[in-house]
């Protein structure tokens, strides 16, 4: 199949030795990394570790005439998504876990102020989404997302750490949804007299607690995860009708909850609005941050958007705005109906309406939650194996006009890259699914769902999202640096690159310091100093680097917007529960250990010399 448009401009991914990077490549030009197998045998272990850790993946331009090119089979990806389609994708991917799961948990800590938590998290996600959209429009949909961006912009070890933190977030999110889904399933079953009050708590409602509440046994949640994992292993294809129906159903139920519940609100329940102070609201923002992660589905639709420059930012902000409004409405209603201390954690909406005698609304919520959370969990499990997979391609396809596409797989990609055992790279010959990776995801999520309740899981959630999206924002900045003005690709450029990275680290450090100062109640002067240093670093980042204009969608205000994004994300990171910090440190150490004893020896930069080309359909006139 011949590519459309100018074949020399097709985006290409190629793994190659970073020592051979030459001036004039599209990205990673003169990247200060090196890898030499011949010298590594004589060097020390630390030298080899550093050399391996600094390997990068580069984005190059090529021609279909190259012998190393493998063109994807099937039709090219077509730009068929309009503005409304993109908004629908973002809303459908976000609404679910945030409303049906974490609302009650966060409200018990932040009180009615949970509404502010959702607003703050939404504002942060707008900045993150703009950064994500630029990289999604520049990179073909292969081997996935933040991992690939980091691998290209920074190095192999950093990419592996980003992968580990993000994947644990997805595992925890899937486990939390499964616990809530189990509670809603039990609520539906108890509509029948035979099951009413005859189902033990350790089966679905909450769980049987042990070790002072550290463990909470739940049987139904892992069973549901196992069933969904089996379905995914057999292969799942979602039609546009099902996806659109589920999205509309979830939104209608949420609107119904807001309208009906508004008549049962007791405004006295909103006082005090922030019973545990603004610190609890900020901590709540770090937890509910995970409720907005569906925006990456919009960002990754850049390849299929008819008018990416115009529609992507509008769709991202539009879908986030819709979600923010719905989240605020639900939070105000349930905290006004029931005192925040009495809200349930597993099925807060259904329990709130039941307490007001609105049993029929509770039944509707439970049925809708079961359907919505099942879809959300199914997609969540799927994304963990096929992260950044263009599942949204199927949303707007006509039944007689299908689009063939190659799914990008993160676990599969790391298995092929050698950072994980080759077992993860195997695809079932008949089902055409990465069965081993899917089973692994199901096992991890099932263990978490079976042993920990939503309260415990929510305390260690959003670590990967906040840190991963901060790295993505940094990738936007580094990949915009234009070194073509320097004729000599020498130590001068290398020091300039390192200087820019140092500024990014300073901004992140100031964000964490400011967040920590605020958390411990330090003086306003300390906060001001951290903010001023971050501003100075951003100014230096702007004035000391040359930035190119990327093809496709471009994030506005680079490097200022990404710098603000990094500062605010890390500021929120400082508000996380202490358990989340412990999780971050322990998982980072474990990941470094895995890389040191396995990844650095098996991640061969020359293991795959093939180049993967994704054909882009032309952008419409005027874009």
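Cβ atoms are placed via backbone N, Cα and C, with glycine included.
Automated prediction, rather than curation, is the source of TrEMBL annotations.
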Under TrEMBL, the annotation transmembrane segment belongs to which of these stretches: 50-72, 280-302, 395-417?
280-302
For the transmembrane segment entry in TrEMBL, name the matching range from 25-43, 196-214, 215-233.
215-233
Sort the residues of the domain 'Cationic amino acid transporter C-terminal' (553-602) into helix, strand and coil with DSSP and give the three counts.
39 helix, 0 strand, 11 coil
Find the member of 114-135, 215-233, 314-340, 360-383, 555-574 that has more C-beta pairs under 8 Å to the transmembrane segment (524-543) than any other listed stretch.
555-574
Surrounding residues of the transmembrane segment (500-518) on its own chain - C-beta under 8 Å, 6+ positions past either end:
279, 282, 470, 474, 477-478, 481, 526-527, 530-531, 533-534, 537-538, 540-541, 544-545, 563, 566-575
If you average the pLDDT over the domain 'Cationic amino acid transporter C-terminal' (553-602), what number do you get?
93
Please give the sequence-distant neighbours of the transmembrane segment (360-383): residues at least 6 beyond its ends with Cβ less than 8 Å from one of its Cβ atoms.
93, 95-97, 100-101, 170, 173-174, 177-178, 180-181, 184-185, 187-188, 191, 224-225, 228-229, 231-232, 236, 243, 246, 249-250, 253, 256-257, 260-261, 347, 349-351, 353-354, 389, 391, 438, 441-442, 445
Stretch with greatest number of CB pairs under 8 Å, the transmembrane segment (555-574) reference, 81-102, 114-135, 314-340 candidates:
114-135
Using a Cβ cut-off of under 8 Å, list the residues of the same chain at least 6 residues beyond the transmembrane segment (81-102) that approach it.
118, 173, 176-177, 179-180, 184, 243-244, 246-247, 250-251, 254, 287-288, 290-295, 297-298, 301, 304-307, 310-312, 314-316, 318-320, 322-323, 326-327, 330, 347, 349, 369, 372-373, 375-376, 379-380, 392, 395-396, 454, 458, 461
